[in-house]
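**Q** Checked Swiss-Prot, it gives:
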BINDING   27-31, His92, Arg126, 177-181, 208-213  ATP binding site
DOMAIN    24-255  domain 'Phosphagen kinase C-terminal'
Amino acid sequence: MTLDKFIDQAISPWMREEGPDKDIVMSSRIRLARNFANQTYPILAKEEKLVEIQEFIRDEYANKSFQTYKDLQYVPLTDLSPVEKSVLVEKHLISPHLIKHSDFAATLISENEQVSIMVNEEDHLRIQVYYPGLQLKTALEQSFALDDWLEEKVDYAFDETKGYLTSCPTNVGTGMRASVMMHLPALVLTKQINRLIPAISQFGLVVRGIYGEGSEALGNIFQVSNQITLGKSEQDIVDDLESVVHQLIEHERMARNHILERTGKKLEDRIFRSYGTLAYSRIIDSKEASKCISDVRLGIDLGLIDNTSGNILNELMVLTQPGFLQHYANRSLRPDERDVLRASVIRERLKLEE
């Protein structure tokens, strides 16, 4: 797969696959933070040291394959335009932090985009493995295997007492962030989410928006992840997160049934109005688009809409973001121009489903 395909395709190949509870849990991710032993962390390292790490990763891993993860493509961020960098963030293949320090940063991306390894982010390596639906345990197993493969050539910074050493103290220990992306429209509509988020934090977990820390929960999509990395094993962290996610799934399903029973016609009207907005509007901003896509996704999950697939909505969530729209237009766009193009892209994509 070429870099162009990473940029041009809105939906990653792995996202087209089925997964457990995929109507609510869109994806599972394991991210491991790792550093080279006896090397200064990227935020304090000299330029020549960052270049050394970049070149080592390129020479040892570019175009290599590990198990089902084929042809890891090495992409220096200096090769990308600002818009192309934004697209990779919108696809969750790199982080916003990596863009801010992109002069000596790079990423390795597998052919199916299920694996991305960020180089010289906050830590020397940030290893990400994604799976569709609720598959945290499988993602953990695969991330361990990938980590072991990398460690054959990389001497990690590790302390027998503290565990993996990281740039930020909150990652010391396992160096792991386990997270799931969840679509929770019924909990938002019934306002139960306001009660559940504080309760979740008491379990050492955190709830964020779609793009992680500091981001908004656009389209009723929430990221739930662990905060604690020290004093617990990776398996215990995943077990605790999975337990809470199962409870959230149950609450969301109950809320959906409750709304359907109590206000069936109103809910149906809301869903089809949103579908109409997506299908016919000429101008639409990102917030309204995200809200309407969420409504239509709910309609599909409840069996009210049968002529549109959930994958199309996953695709639209990326297609309608500012970076992707500007890539599509092949030029910078003012906000009002983006709103016009966004409406056009959505109309065209929905017509293909008819």
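Indices start at 1 and increase along the chain as displayed.
Glycine too: its Cβ is placed from the backbone N, Cα and C atoms.
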**Q** Report the same-chain neighbours of Arg126 (ATP binding site): residues 6+ apart in sequence with Cβ closer than 8 Å to its Cβ, ordered by sequence.
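**A** Those within reach of Arg126 (ATP binding site), by Cβ under 8 Å and sequence separation of 6 or more, are Arg31, Leu32, Ala33, Arg34, Ser95, Leu98, Ile117, Met118.
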**Q** Restricting to the same chain and to sequence separations of six or more, state which residues have a Cβ under 8 Å from that of Ile30 (ATP binding site).
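**A** Sequence-distant Cβ neighbours: Gln128, Val129, Leu136, Ala139, Leu140, Gln142, Ser143, Met176, Arg177, Ala178, Val238.
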**Q** Suppose we draw a 10 Å sphere around the Cβ of Arg208 (ATP binding site). How many other Cβ atoms does it contain, all chains included?
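**A** If we count other Cβ atoms within 10 Å of Arg208 (ATP binding site), we arrive at 16.
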**Q** List, in sequence order, the same-chain residues at least six positions removed whose CB sits under 8 Å from that of Ser27 (ATP binding site)?
**A** Met15, Gly19, Tyr130, Tyr131, Pro132, Gly133, Val180, Met181
**Q** I'd like the number of other C-beta atoms within 10 A of the C-beta of Ser179 (ATP binding site), please.
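**A** Its Cβ shell of radius 10 Å holds 24 other Cβ atoms.
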**Q** Across the domain 'Phosphagen kinase C-terminal' (24-255), what does the mean pLDDT come to, as a whole number?
**A** 93
